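Report on one structure; see the data block that follows.
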Amino acid sequence: MRQILIAVAIAVAVSILLTPVLIRLFTRQGFGHEIREDGPPSHHKKRGTPSMGGVAIVAGIWASYFGTHLVGVVIDGKGPSASGLLVLGLATALGAVGFLDDLIKIRRARNLGLNKTAKTVGILVAAVLFGVLALQFRNVDGLTPGSAELSYVREIATVTLAPAVFVLFCVVVVSAWSNAVNFTDGLDGLAAGAMAMVCAAYVLITFWQFRNACATSPGVGCYNVRDPLDLAIIAAATAGACIGFLWWNAAPAKIFMGDTGSLALGGIIAGLSVTSRTEMLAVVLGALFVAEVTSVVVQILAFRTTGRRVFRMAPFHHHFELVGWAETTVIIRFWLLTAIACGLGVALFYSEWLTTVGA
């Protein structure tokens, strides 16, 4: 628990202090956000707001992770783990793709950055590398960061994927989550606030896995997860970095995270879900992100097949704006729904453990 508290404190401090520095720097450089011409009229006033604030989030996560482990090495000699570095590597690689996308948008002064092919290739490369490496680095207990067995709240022994299929599965998971968070980042503070809640839920889940790990506490209901405490540290660091960033990103936002932040945060969810063996449970925890990306898919399919739109605008947070909800109303209500989803997800996780141990 000490490491988790340290991780949150460092991440909040770095993010909340670095973000205003980036605001001033990006404002001087003219790194302003471009607004969709077909977007809600109320968003046009946001044109020129500094973007790429995700740099502060990623920096906060890295500083927190290594700062926490620096303290850990001094106290108990434990350093970074393969699982932790894989998740951070995935998030950073996706953040780099997002950074290039943001930079091109700014340089060209339009809301279109990397072309679809380049962006897809970047995400694909990061996902494939993650999938391949997730089945390496076997520890003394025979555990790798990822598992070829599909998982809900723990591995489902009856559903085992071949290595190549597992890598393909990782590509789907990474692509889905990175796009889901990216689509959600359309209102001031919405994605950052929701992400903080999802990561807080993951802190509880991974810390419980650590306390009931088969390697240290064998018995009924134990978890075969490699490096669960390190995953809890990453989840705590991400939650802290999002909270620090939210101080400046809350409505009216002084800076946006951009694709730099949204793609990186999507990578965090994808990485945590795979390494903690909770790929299916993550859909419940991140229900808001799932709903947002689903609204886009539904809108596209409906328009291509019928020529009609289901929503006035997708992602569907814009639909609610266009029907008369104030932006802050949409944000707060979506945060409430996220809190409910996270509570439900944690309850499902814990109830499965109670059922397993026969409590």
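Glycine too: its Cβ is placed from the backbone N, Cα and C atoms.
According to Swiss-Prot, the protein has these features:
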- 3-23: transmembrane segment (TRANSMEM)
- 55-75: transmembrane segment (TRANSMEM)
- 84-104: transmembrane segment (TRANSMEM)
- 117-137: transmembrane segment (TRANSMEM)
- 156-176: transmembrane segment (TRANSMEM)
- 190-210: transmembrane segment (TRANSMEM)
- 231-251: transmembrane segment (TRANSMEM)
- 255-275: transmembrane segment (TRANSMEM)
- 283-303: transmembrane segment (TRANSMEM)
- 330-350: transmembrane segment (TRANSMEM)
Seg_contact(the transmembrane segment (84-104), the transmembrane segment (190-210)) with at least 3 CB pairs under 8 angstroms, min sep 6: no
Stretch with greatest number of CB pairs under 8 Å, the transmembrane segment (3-23) reference, 55-75, 190-210, 255-275, 330-350 candidates: 55-75
Distal contacts, the transmembrane segment (117-137) - CB-CB under 8 A, six or more residues away: 82, 86, 89-90, 93-94, 96-97, 100-101, 144-146, 148, 163, 166-171, 173-175, 178, 226, 263, 267, 270-271, 274-275
Tertiary contacts of the transmembrane segment (255-275) (same chain, 6+ residues out, Cβ under 8 Å): 19, 22-23, 26, 33, 49-55, 57-58, 61, 83, 86-88, 90-95, 97-99, 101-102, 113, 123, 126-127, 130, 134, 145-146, 170, 173-174, 176-182, 184-185, 191-192, 195, 198-199, 202, 206, 225-227, 231, 234-235, 238, 242, 245, 248-249, 281-282, 286, 289
Sequence-remote partners of the transmembrane segment (330-350) [C-beta within less than 8 Å, at least six residues beyond its ends]: 153, 187-190, 193-194, 197-198, 200-201, 204-205, 208, 251, 278, 281, 284-288, 317, 320-321
